[in-house]
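In Swiss-Prot this protein carries:
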type     : residues  : note
TRANSMEM : 12-32     : transmembrane segment
TOPO_DOM : 33-529    : topological domain 'Lumenal'
CARBOHYD : S69       : O-linked glycosylation site
CARBOHYD : N211      : N-linked glycosylation site
DISULFID : C253-C519 : disulfide bond
DISULFID : C296-C448 : disulfide bond
DISULFID : C466-C477 : disulfide bond
Amino acid sequence: MKPHLKQWRQRMLFGIFAWGLLFLLIFIYFTDSNPAEPVPSSLSFLETRRLLPVQGKQRAIMGAAHEPSPPGGLDARQALPRAHPAGSFHAGPGDLQKWAQSQDGFEHKEFFSSQVGRKSQSAFYPEDDDYFFAAGQPGWHSHTQGTLGFPSPGEPGPREGAFPAAQVQRRRVKKRHRRQRRSHVLEEGDDGDRLYSSMSRAFLYRLWKGNVSSKMLNPRLQKAMKDYLTANKHGVRFRGKREAGLSRAQLLCQLRSRARVRTLDGTEAPFSALGWRRLVPAVPLSQLHPRGLRSCAVVMSAGAILNSSLGEEIDSHDAVLRFNSAPTRGYEKDVGNKTTIRIINSQILTNPSHHFIDSSLYKDVILVAWDPAPYSANLNLWYKKPDYNLFTPYIQHRQRNPNQPFYILHPKFIWQLWDIIQENTKEKIQPNPPSSGFIGILIMMSMCREVHVYEYIPSVRQTELCHYHELYYDAACTLGAYHPLLYEKLLVQRLNMGTQGDLHRKGKVVLPGFQAVHCPAPSPVIPHS
């Protein structure tokens, strides 16, 4: 009996020793990980987007794929105004002072690294000696894709059981090297679903200087651009020349002579036969302010405008243009509360979630609607098959509110703007209409002597947050996928007459209105004798 008891005790002691060794190895394994690093997830980009608590109403991003919002989503107004998503370029008072001490904002590298480096799980890849972020979803580390120092589902984790000490040490060394390598180089095998930070500090700096190209975009956006070029949904047949050699004065004169605002006036088929001549406003949009407006503001809906404290400055302008469903209530400190004109895409009129009929956002303001039409600007074809049927709600609204100025932009005006962008860009741009932002800028340039545009070209507060009033992140909202946004911004940057300080700190571009542009008279044609 005693020998059996002795063997049992030996086995028990051996088991205790084995379990103790196992727990020791597990403790060493996990304490080797850097606690400062965010824990990544193996979720793909699409899965990450589905898990985000997007605001209940549908996003009005023209051409974007819309996804149903999960029930019980967070209210953006509660979640956003004072939140700084990780990976965003938020600048506090101390940062702005540091920025002002630097001539171009990049003599002190810690200015940006303090904003991004510790907050976003980033990977970089080199492009023309610059490094671009491949970060996880800002502000949502638990939904971030990546393998920074942790095994992914495709990699085997540690086996259960005891490892020899030498093997454990080798694993620790390999793990540390792998983590360091992955934090600096983007793996070539990564697919296009990885969510990238919208831009690195180097890219933002080059955007301010007007020195970027589509080749510097992340692979996901590059693929989207190529797909749109291949699809050519609107049948674009560009026959002009692509060049970018015009000076600012020449470009302004080109815009003044060719980018003339035009709306449906009811005189063309099929609208003439439908009685639209009596339906549309009697006074054209271009003649609402015959004497012109002195100073105007165009306020983008970009998330970067949060925490800007620009509201008072914006409201000081004679007229303010806003976009789609962007609210002012609750955001007055950053965006102001004055609204003179509101540009709305056709989704606003057709999607019930925007409450176009009864929302106060669309009352007591000038409304300008638009819808993507064929490049040929064939009105009959467009009327039969619009992107979103804005014609029926337009008729209903005009009948109920005959005194409210409400216009639909003519497709020829929209595609004329696209032609000008393409003519002044060496690369092929997406064959899709310009964004509402670019359209709004040109409308205000036709009505005002000076136009101040806020957060079209992003400031140091640059973030992937698409809109300040919606909890939705995507780099495409800043750099473009459907719209040729990148090329629009480069064109506007060439026209900027404001200071670099305003561009950096406020995201503000100052443009002359067409009334203030003086162009040489065209040379008379001398007939041959």
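From the backbone N, Cα and C atoms, a Cβ is placed for every residue, glycine too.
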Local confidence of the prediction over the topological domain 'Lumenal' (33-529), expressed as mean pLDDT: 76
Top Cα neighbour of C477 (disulfide bond) in the set of disulfide-bonded residues C253, C448, C519: C448
Whole-number Å value for how far C448 (disulfide bond) lies from C253 (disulfide bond) (Cα to Cα): 16
Residues near C296 (disulfide bond) in space but at least six apart in sequence (CB under 8 A): H317, D318, A319, V320, L321, T340, M444, M447, C448, E450, V451, H452, G513
C466 (disulfide bond): tally of other CB atoms within 10 A of its CB: 23
Collapsed DSSP category at C519 (disulfide bond): coil
Number of other Cβ atoms within 10 Å of the Cβ of C519 (disulfide bond) across all protein chains: 13
Fewest other C-beta atoms within 10 angstroms, as judged across C253, C448, C477, which are the disulfide-bonded residues: C253
Secondary-structure category, per DSSP, in which C296 (disulfide bond) falls: strand
Conformational class of C448 (disulfide bond) under the three-state DSSP mapping: strand
Coarse DSSP state, helix versus strand versus coil, of C466 (disulfide bond): strand
